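> Take this structure, written in structure tokens, and hold onto it; I'll ask about it next.
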Amino acid sequence: MAAPKESLWVRTQLGLPPLLLLTMALAGGSGTASAEAFDSVLGDTASCHRACQLTYPLHTYPKEEELYACQRGCRLFSICQFVDDGIDLNRTKLECESACTEAYSQSDEQYACHLGCQNQLPFAELRQEQLMSLMPKMHLLFPLTLVRSFWSDMMDSAQSFITSSWTFYLQADDGKIVIFQSKPEIQYAPHLEQESTNLRESSLSKMSYLQMRNSQAHRNFLEDGESDGFLRCLSLNSGWILTTTLVLSVMVLLWICCATVATAVEQYVPSEKLSICGDLEFMNEQKLNKYPASSLVVVRSKTEDHEEAGPLPTKVNLAHSEI
């Protein structure tokens, strides 16, 4: 216990980061209980440790420092991933390698630590994919089921306001009309109640026999139900299908109306243009005869000579005049 505490105190005096100190403390032989407590949070590094043992076997590398450096690189990567929330694994790898460079001064131990960071990367990616697969995903039919539930709730709330009643109109002897209105009441006949009890007893007696057959029938149903499962699903969930069909039909009708208005040809009737020879064309159409030149009488009026008016008086400037 003294050696890890002394090494931890030395690293603290040297100013190493707290993240690295935590890794070195967990990697020690006396911190197995603490390491197991952090495994559930930081992730499993056993596969990375086995890869380090295969890379640095003790019969080939008699020194244990490189093996421990590789295993600490695995743990460093897990801690960096926990700090960064696993957003970018490439960035986590760079942070792990920089921590290895700060922790080890010898090149062999630095390389072993970097190798541990590299070995932990594929296992971290696999763990991230597994966590993403466990996250709940929204089904494609979830919006339709949501609309169906909303529609059913709205219909139930609307039916709660609807009340049924009986109304009777009677006419008295004096001619007055009397109206009786009351809510319907359900009355059970005694012989029907007795029949219902008999049916209940007979149904209970048949349940034991039907349960044995249902177990076998249910097994056969599961085998044969795969073929008609889609049709059965449609028959059971026809409400939201009808609602969806109605909504889509309304949307298609609106789209057709808008498209027709936008692409319709303008109904423009051009006005008839006036022609200079319109009178002549009219005469030709009506087959009218022209008047001869001798039948035309030219009346000339004698123009009267008018004397021209005299010149206008000269302009007088009122500002220079005295009144």
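Just so you know, glycine gets a Cβ as well, placed from its N, Cα and C.
Worth saying up front: this structure is predicted, and the values here are computed from it rather than measured.
Okay, so Swiss-Prot annotates it like this:
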type	residues	note
SIGNAL	1-35	signal peptide
TOPO_DOM	36-238	topological domain 'Extracellular'
CARBOHYD	N90	N-linked glycosylation site
TRANSMEM	239-259	transmembrane segment
TOPO_DOM	260-323	topological domain 'Cytoplasmic'
MOTIF	263-281	motif 'ATG16L1-binding motif'
MOD_RES	T303	phosphothreonine
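Relative to the rest of the structure, where do these features sit?
Cβ contacts within 10 Å of N90 (N-linked glycosylation site), excluding its own Cβ and spanning all protein chains shown: 8.
When pLDDT is averaged over the motif 'ATG16L1-binding motif' (263-281), the result is 64.
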